[in-house]
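Enquirer: Okay, here's the structure, questions in a sec.
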Amino acid sequence: MFKIYNNGNPIPMGYSQAVENNVQITNFALFSAAAIGVELCLFDEQNQETRLPMVRTENVWHLAVTGVKTGTEYAFRIHGEFANPQKLILDPYAKAVNGKPDLSSEESRSWFLLSDNRDNAHLAPRAVVISEEFDWENDTSPNTPWAETIVYELHVKGFSQLNEKIPAALRGTYTGLAHPVNLAYLKELGVTAVELLPVNFHINEPHLQARGLQNYWGYNPLAMFAVEPKYAATNNPLAEFKTMVKAFHKAGIEVILDVVFNHSAESEQTYPTFSQRGIDDQTYYWRNDQGRYINWTGCGNMLNLSSDVGRKWVVDCLRYWVEQCHIDGFRFDLATVLGRDTPDFNSSAQLFTDIKNEPSLQNIKLIAEPWDIGHYGYQVGNFPSYFAEWNDRFRDDLCRFWLWKSGEIGAFAERFAGSSDLFKKNDRLPHTTLNFITAHDGFTLKDLVSYNQKHNETNGEENRDGRNENYSYNHGVEGSTESLSEPQKSAVENNRTFAQSGLLMSLLLANGTPMLLAGDEFGNTQYGNNNAYCQDNEITWLKWANFNEELFELTKQTIALRKQIGSLNKDQWWSDENVQWLNIVGEPMTVEDWQNQQTKALQVVLDNRWLLLINAKAEGQMFHLPNRKWKPQIGTHNVTLEAQQAELSSMGFCMLNDE
């Protein structure tokens with residue numbers, strides 16, 4: 001039986017537990033400036049609801065009760081001018097959630113509308129009180145220096161779902177991801193950090209449910225403190241998640257979470273209400289002068305993180321994941337929203353300062369996706385110096401150089417050298433450019449060299465969704481080469497492999513922090529779908545059965561060599577002292593060389609001992625080398641070395657070193 005113990009405390013937010021006079025006390029606290037009354041709703045094992053009125057201190061409602069134990073479900077009922085106490089409201093600080101709403105039809109959605117006066121307690125998601133006990137043993141973060149970091153972006157389910165080396169019951173789970181087979185694979189590859197697509201509790205949007213689809217990526221969050229349970233092989237997702245993190249740490253691999261603080265799953269104003277909208281709509285969401293939601297995320301709403309409560313919610317959440325789950329870093333989705341305080345972007349926004357000053361976040365890696373779709377939303381290079389940033393200019397300029405005839409060699413060199421035009425300011429170092437060719441959002445590397453057009457028909461939006469400009473090239477045939485006869489089939493496949501190799505080596509040997517999309521190292525495909533957010537199936541799951549061993553070995557060897565090159569692991573901007581840019585005859589690049597639109601080949605000397613031969617032309621290229629004795633290292637499948645000359649017989653990237 002649940003009983004009021006006393007008025008409780010306004011801090012901390014959410015629930016907290018302590019023992020007083022040999023009695024287990026649970027304190028609940030909820031912010032709502034708009035409410036005129038709040039009821040705490042507790043559910044016993046027979047699903048019987050107990051409603052207890054909460055006490056207000058300024059804008060926080062709180063209450064301490066007895067009788068709460070692990071597994072107890074709770075929610076709130078909000079009273080006020082714009083509230084509806086007939087609807088259960090989820091705690092924004094919920095550490096676990098029981099139930100996902102059915103939004104597949106107009107009728108099912110109507111139960112969650114504030115305008116609907118039916119009680120939805122039997123349908124609404126509820127927070128769950130959980131045990132956070134866990135034996136971390138002597139777990140410590142690998143704390144890999146930024147200059148030595150190689151990020152590997154993956155999806156928890158998709159990584160192991162089709163891997164027959166993993167026990168069937170564990171595939172697609174936290175336990176499956178941390179299976180010794182996977183850890184050994186990642187160690188062999190050489191990556192130092194995994195960046196997990198969202199593992200916070202999320203739900204499927206109404207339009208996807210109506211089509212029988214799911215939000216596979218997970219960028220539709222409902223409870224940012226809660227571990228997503230559908231990736232758990234056990235009935236204790238939090239403990240299983242912690243076990244996974246501990247296993248990664250033992251393997252020397254950091255765990256970075258992709259987090260979504262820019263919007264919530266509540267979408268547009270007329271859509272179902274689950275949490276923040278029902279608590280204090282005016283505080284939690286940005287609105288325009290007409291009172292409508294500002295939708296600069298493309299997801300129906302934009303969270304207001306300039307308010308005290310919004311900033312506190314974010315910092316409290318980050319602290320929870322670090323302290324409870326030993327997380328090593330965060331990648332912030334549509335991170336421009338974090339700096340919107342007017343709501344224009346401000347690189348000195350208070351939230352950035354709060355994050356910087358939070359003690360638990362001092363050694364944590366912070367990565368921004370530095371854009372949204374709003375006013376002045378594109379902010380690449382403008383985040384505080386303690387953030388790294390996804391560099392889409394790197395992606396686009398390298399793809400144009402390798403795959404398009406119009407790609408400029410000067411743009412390639414600028415990106416390859418660390419994008420100093422974007423990041424060399426405010427005492428920032430090269431690691432702050434997080435370089436990538438592909439990510440979850442867009443083509444895979446294999447598809448980038450296999451498709452001229454996106455093929456998103458299975459998403460149900462008549463191929464309207466996804467980026468239209470991918471800077472891709474199919475090398476003569478769209479998609480599969482099965483319809484081709486020899487020798488054309490082999491020619492197309494070889495050219496695609498050469499292009500993938502060139503892009504991979506460019507990524508892994510560029511100045512800055514490289515990020516590799518899971519599966520690119522062995523030629524994974526999504527069959528041309530460049531927006532597979534709703535495909536929880538064979539389209540997105542890694543296809544281990546089609547493993548390209550040659551590509552994997554190249555990737556592994558390139559990563560290993562990167563770790564030997566001082567100019568790439570000292571986090572320093574390149575200068576004439578450690579880099580030389582040479583043309584194909586071995587002479588310093590001239591202004592004319594850089595500006596020549598036909599120039600698609602060059603040589604780069606790093607640290608006066610590593611020679612990179614780069615040829616982005618479809619045909620072969622002869623290079624006159626600097627007068628040294630050079631020894632081939634990697635990318636040598638199409639190189640002939642004789643005296644002071646080297647010939648790449650086709651498109652390619654070759655590394656040599658001074659014997």
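Quick reminder: no glycine exception, Cβ is built from N, Cα and C everywhere.
Per Swiss-Prot, the features are:
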type	residues	note
ACT_SITE	ASP333	active site, nucleophile
ACT_SITE	GLU369	active site, proton donor
COMPBIAS	456-468	compositional bias 'Basic and acidic residues'
REGION	456-486	region 'Disordered'
SITE	ASP441	site 'Transition state stabilizer'
Enquirer: Using a 10 angstroms cut-off on Cβ to Cβ distances, just flag whichever of ASP333, GLU369, ASP441 is the loneliest among these recorded positions.
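Expert: Among the recorded positions ASP333, GLU369, ASP441, the sparsest Cβ neighbourhood within 10 Å belongs to ASP441.
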Enquirer: Could you give the Cα-Cα distance between ASP333 (active site, nucleophile) and the residue listed as 'active site, proton donor', in whole Å?
Expert: 5
Enquirer: Per DSSP, what is the residue count of the compositional bias 'Basic and acidic residues' (456-468) in each of helix, strand and coil?
Expert: 3 helix, 0 strand, 10 coil
Enquirer: Measuring Cα to Cα, how many Å separate ASP441 (site 'Transition state stabilizer') from the residue listed as 'active site, proton donor'?
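Expert: One finds 12 Å between the Cα atoms of these residues.
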